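A.B. asks: Annotations for this protein, taken from Swiss-Prot, read as follows:
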SIGNAL    1-21  signal peptide
DISULFID  26-79  disulfide bond
DISULFID  34-59  disulfide bond
DISULFID  53-75  disulfide bond
């Protein structure tokens, strides 16, 4: 009986995670820009501390980070409008 309860709870949790749409890029560190006069690319990032999307930039020479979105709409679509 107890095993059935654990199986049911696991299945319920799995369905909830799948339905919510887990987005790992939203859990990555936010964009915080570059030092000095380095080339920067500007866009949008999800800020976990504030729980919302904000403008940010990254240093082009390091490559595009995972928590970068071209528009506020893309950011909100992936990470939610918290």
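Yeah, the Cβs are placed from backbone N, Cα and C, and that goes for glycine too.
Since this is a predicted model, take the numbers as computed values, not measurements.
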A.B. asks: Disulfide-bonded residues 34, 59, 79: which have a Cα within 10 Å of residue 53 (disulfide bond)?
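C.D. replies: Among 34, 59, 79, the ones whose Cα sits within 10 Å of that of residue 53 (disulfide bond) are 79.
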A.B. asks: Non-local Cβ contacts of residue 26 (disulfide bond) (under 8 Å, 6 or more apart, same chain)?
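C.D. replies: Residue 26 (disulfide bond) has long-range Cβ partners 46, 48, 67, 78, 79, 80.
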A.B. asks: Between residue 59 (disulfide bond) and residue 75 (disulfide bond), find the distance joining the two CA atoms and give it rounded to the nearest Å.
C.D. replies: 19
A.B. asks: Cα of residue 75 (disulfide bond) to Cα of residue 34 (disulfide bond): how many Å, rounded?
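C.D. replies: Distance between the two Cα atoms comes out at 21 Å.
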A.B. asks: Would you mind checking how many other C-beta atoms are within 10 angstroms of the C-beta on residue 59 (disulfide bond)?
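C.D. replies: So the Cβ neighbour count for residue 59 (disulfide bond) comes to 17.
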